[in-house]
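Peer 1: Before we start, here is the structure in question, set down as structure tokens.
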Amino acid sequence: MTKLRSSLYFWVLVAIALGVILGIVAPSTGAAMKPLGDGFIKLIKMVIAPIIFCTVVLGIAGTGDLKKVGRTGGLALLYFEVVSTVSLILGLLIVNIVRPGAGMNIDVRTLDAAAVSAYAGKGKMQSTSEFLINVIPNTFVDAFARGEILQVLLLAVLFGIALQRLGAHRNEVFQFIEKFSEIMFELVRMIMKVAPIGAFGAMAFTIGAYGIGSLFSLAKLMATFYLTCLCFIFLVLGAIARYHGFSIWRFLRYIREELLIVLGTSSSEAALPRMMAKMESLGAGRSTVGLVIPAGYSFNLDGTSIYLTMAAVFVAQATNSAMTLGEQFTLLAVLLLMSKGAAGVTGSGFIVLAATLSAIGKVPVGGLALILGIDRFMSEARALTNVIGNGVASIVVAKWTGDLDETMLTTRLKSGPPTPAEEPAIMS
């Protein structure tokens, strides 16, 4: 019992339960807890950019093999594209079989379209050239100041290559970045001590602001989406994991604390630093983890992909805006591009969805007002699926590139999650 009370897992679970209770008993007070959740997520986002930079630079400069770095990046992108496409198709397939919006006969004119317009205005269809140009930061500091993960990743790759080319003169800089990285991970450990407070505030706000009642009116869509995410995790990712020699069940058990943090905060970014440390502790090489995990937050959002296809077709069904098979394939193609711009932040999936429907024009954007009230509750499943998908991706790509210690992977997964006493060694 003493061991349980000293674990982060236990206290985050307690905090989530207390947040739910407060949101139900005193909704206005629960809604007022929002700053606690927002503050915790901002603390995490504060250290994401330097951790990604240090991890990637140390990984690239330490390998001495630039061809391997390029191969890792190429294989990661190939994996992301294939698995993201599978998740989009799975969402499209199940929403057409279950048809959660059929028979609702919603008149879009009766909905509050103004509530959706704010989201639609935030997103727009980017061309490939615009996307690539936006990956390049205006200045070295600008990428860190804005917290743009892809920009920081690009800087880190270039910096690591340049440092590796310096030869013997690189040692001083390498050692400095190594020590700085240790400080950043120690800072993450400090921030994680307040994770239960952040989870409590975020959950209390969600229940207090949106209410449990909003779940029942669209229960069929919610149930269909959650079941689809579970199917993806245990069937698709489970099959991928089994093929590559590890159990998805043991993997989920190993990262259970990170999953609870994501569940409580509804943001996959909240677990990014710890996920990078955990994947290294499972035997994946630092350079692989440093490339795959951050890139996955833009290119491998499996939960968001499932949500996008299901929500778009649900709105079409509910508003009687029939979509032909060809139009659904068009939707799929557009979402393959649009989903790459969805960051791992709460609400980003809804913004991308609104922008996609605006670009296609077949489904009324105002129909999204139907799911605006439950989007926050669906965000948890999106974020959890995203985190699990990126974790599996890092192990798979590490194995493909020969950068995985399979003995360590098997041993760590068998022994289960690290104890509180083992945490400092893993996080360093």
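Every residue gets a Cβ built from N, Cα and C, even glycine.
The transmembrane segment annotation in Swiss-Prot covers 7-27, 40-60, 75-95, 143-163, 196-216, 221-241, 306-326, 329-349, 351-371 and is backed by sequence analysis.
Give me the lay of the land around each of these features.
Peer 2: Sequence-distant contacts of the transmembrane segment (7-27) (same chain, at least 6 residues past either end, Cβ-Cβ under 8 Å): 33, 192, 195-197, 199-209, 211-212, 256-257, 260-261, 263-264, 417, 419-420, 423.
Below 8 angstroms of C-beta separation, residues 66, 69, 143-144, 147, 149, 152-153, 155-157, 159-161, 163-164, 174, 177-178, 180-181, 184-185, 187-188, 191, 194-195, 197-199, 201-202, 265, 267, 269-270, 272-273, 276, 285-291, 294, 346 of the same chain, each at least six residues beyond the ends of the transmembrane segment (40-60), sit close to that stretch.
The list of residues near the transmembrane segment (196-216) in space but at least 6 beyond its ends in sequence, with Cβ under 8 angstroms from a Cβ of it, reads 8, 11-12, 14-16, 18-20, 22-24, 26-41, 43, 222, 260-261, 263-266, 270, 373-374, 376-377.
Tertiary neighbourhood of the transmembrane segment (221-241): same-chain residues 83, 86-87, 90-91, 94-95, 98, 100-101, 215, 247-248, 251-252, 302-303, 306-307, 310-311, 314, 371, 374, 377-378, 381-382, 384-385, 388-389, 392, 395-396, selected by CB-CB distance under 8 Å and a gap of 6+ residues from either end.
Beyond its flanks by at least six residues, the transmembrane segment (306-326) meets 87-92, 94-96, 99-102, 104-108, 221, 224-225, 228-229, 232, 332, 335, 338-339, 349, 352-353, 356-357, 362-364, 367-368, 370-371, 378, 381-382, 385 of its own chain at Cβ-Cβ distances under 8 Å.
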